[in-house]
Amino acid sequence: AFSIFATWLAAFSISFTFLPILQILDWRKRGTADGFSSVNFVLPMLMTSCWLRHGYMTDDFNNKVINTVTLAAFTVYILCFAYYQPVRKYLYMQLMSLFTALYFTFAYVDSVESSLAADTMGGIAAAMQIVSLGGGIYEIKRAISMGTTEYIPASMQYAIFLITAQWSVFGYLANNPYIMVANLAGLAVNIATISLYFVYPPITWRVPLIGTQQEDKKKKSN
């Protein structure tokens, strides 16, 4: 049963990787990615690169396949963001920080005793996954300051809920505290983000399932 769950989770994770295509279609419709942040495209690259390195060190097939596909997909998404984003200086700064962090991280793991290297990489990968939650926290901060969740796609948040909940269970069943703790932290940030749809609804679109939209509030007040 566990192997079936692992196979399902691998397939679900790969399908989740392609969900940002909906975001790209939205940029195309708007004609710009102005107002959107690249943080949630760059930070996952840090986490994914570390998990991929851990996968090769432990010869974990699912890990290697999932994270290779994810890295390739997010490379494309970042290129699309750069195409639709009129102001790219922040993206360039984030990418430079990403490459610098990966260089020093991998250099450190290479310096660790070989018998401890895989566990060290696993701990770092889990830590980087928690660090990547900074993107979600940044989005929460932006939504509160702007008074709207206009630039937080609901489809992504629902998918994140499903995938982090399942990976949390997987980490528990596999007795892997790195995976379990990292995904439980992600689940907490995700739930906090979804709750913002009630408090700061989007302006130009209605949130699926929840049904909130700022324009509706304005109509009711008239």
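From the backbone N, Cα and C atoms, a Cβ is placed for every residue, glycine too.
Sequence annotations record features per position, and here TrEMBL assigns transmembrane segment to 6-25 (among others).
The transmembrane segment annotation in TrEMBL covers 37-54 (among others).
Under the heading transmembrane segment, TrEMBL lists 66-84 (among others).
Annotation comment: TrEMBL describes 91-109 (among others) as transmembrane segment.
As annotated by TrEMBL, transmembrane segment applies to 121-140 (among others).
Among the features that TrEMBL reports, transmembrane segment is placed at 152-173 (among others). Long-range contacts of the transmembrane segment (152-173) within the same chain: residues 2, 5-6, 9, 12-13, 16, 19-20, 22-23, 26, 139, 143, 179-184, 186-187, 190-191, 193-194, 196-197, 202, 207-210, each at least 6 residues beyond the stretch ends and with a Cβ under 8 Å from a Cβ of the stretch.
Look at TrEMBL and you will find 179-200 (among others) tagged as transmembrane segment.
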So, taking each listed stretch (37-54, 91-109, 121-140, 179-200) in turn and counting its Cβ pairs to the transmembrane segment (66-84) that are under 8 angstroms, which one gives the highest count?
37-54
Candidates 6-25, 91-109, 121-140; stretch with most C-beta pairs under 8 Å toward the transmembrane segment (37-54):
121-140
What parts of the chain pack near the transmembrane segment (91-109), using Cβ distances under 8 Å and only residues at least 6 beyond its ends?
38-39, 42, 45-46, 49-50, 53, 78, 81-82, 85, 117, 120-121, 124, 128
